[in-house]
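Peer 1: Please see the structure below; I have some questions.
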Amino acid sequence: MRTRIAAAVSLAAAIVLVVPAGPAATVAAAEPPAYDEYVALGDSWSADVVFLDRHGLPDATHVPIDCAQSHVNYPKLVAAELGVEVLRDATCGSATTDHFTAPQSLPLGGSNPPQFDRLTPTTDLVTVGIGGNDAGFAGAALACISLLPVETIPMDLLPLPELPVPLISTSTLPVGGCKKYFTAGGVDRLAVAIEESEVKLVQAFLAIRRISPEARILAVNYLAAVPKRGCWPLVPVTDKDMAYLYETFQKLNAMVARAARRGGAELVDTYTPTVGHDMCKGPRVRYAEALGLSVNDPAIGVPAHPNAAGARAQAEAVLEHLQHAVVE
């Protein structure tokens, strides 16, 4: 990882140095600033959650084991590359912005303390990857699972016991039709939930600034995991519903960008450089796993979440931003 990123950084610096001298060239060619105290906040896409990998069970160094935090999630890769003295990685599967200020109860009985507890007045780097669970996107993706490649039966005709998933009032057989479900009555409930989540992210960024006034705050968006069309049965979602998830995913990332601007955070774009590596691509190409079985770095991951290659891509985007972005 260090070799790959170092090589990329060296190449970028070399290219910049052949450009005629000027203030912009000087800034872009500079080494990344040094950081002493890095705090990572966020949900499963920052924890890069995993059930089992070559390191064994999930990493319990910073959080309870049932956060499912990877040993090689992007915060750890970034910290290693920067050589920070202190890393506090609070990222945890299923986290929402509520868990920034309140403990998070976990599936195996553990409890992750409020993520903001890791922040101090001397924290000088913070990454934040959050918002998808606030908006209910994970639950929506689950509701889109279909046993058939095409929608055949309306979701509301085959009720099953309740599922503990946000925005879903009744559970049904997995036969597709989630777009129809979430847009019933002419209102896209997921789009509304995303819009309503924006203020929570803005408030979170402002609170981080109050606690850690000298910190550089990076809002890390979601990498390009969702394709424009389906690839059933690899990803058991119909083409129509996958297109809906894709559109919703774009709205989610747009909301993160708006919240970053309003909250005074810097946006790190992991989406653009990862286009073409969605979960419908081949096993050595995709950066997110469809069914959770990863071969690019053997692991049993969590479906529809970044794999080890995705974590490396996220880390590279963060490091690239730290080196080249001009802090106003």
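Along the chain as shown, the residues are counted starting at 1.
Placement of Cβ uses the backbone N, Cα and C atoms for every residue, glycine included.
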Peer 1: Where TrEMBL annotates a disulfide for C178, which of C144, C231 is the other cysteine?
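Peer 2: Within the candidate set C144, C231, TrEMBL assigns the bond with C178 to C144.
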Peer 1: Return the single candidate from C67, C231 listed in TrEMBL as disulfide-linked to C92.
Peer 2: C67
Peer 1: For C67 (disulfide bond), which of the listed recorded positions (S44, C144, C178, C231, H305) have their CA atom within 10 A of its CA?
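Peer 2: For C67 (disulfide bond), the recorded positions whose Cα atoms are within 10 Å come to S44.
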Peer 1: Where does the mean pLDDT land for the domain 'SGNH hydrolase-type esterase' (40-313)?
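Peer 2: Mean model confidence (pLDDT) across the domain 'SGNH hydrolase-type esterase' (40-313) is 90.
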Peer 1: Using DSSP reduced to three states, classify C178 (disulfide bond) as helix, strand or coil.
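Peer 2: Its secondary structure by DSSP: helix.
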Peer 1: What is the Cβ neighbour count of C178 (disulfide bond) at a 10 Å cut-off, with all protein chains included?
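Peer 2: By my count, 29.
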Peer 1: Where does C280 (disulfide bond) sit by DSSP, helix, strand or coil?
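Peer 2: The residue in question, C280 (disulfide bond), is coil (DSSP, three-state).
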Peer 1: Among all protein chains shown, how many Cβ atoms are found within 10 Å of the Cβ of C144 (disulfide bond), not counting that one?
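Peer 2: If we count other Cβ atoms within 10 Å of C144 (disulfide bond), we arrive at 26.
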Peer 1: Specify the secondary structure state of H305 (active site) as given by DSSP, simplified to three classes.
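Peer 2: It is in a strand.
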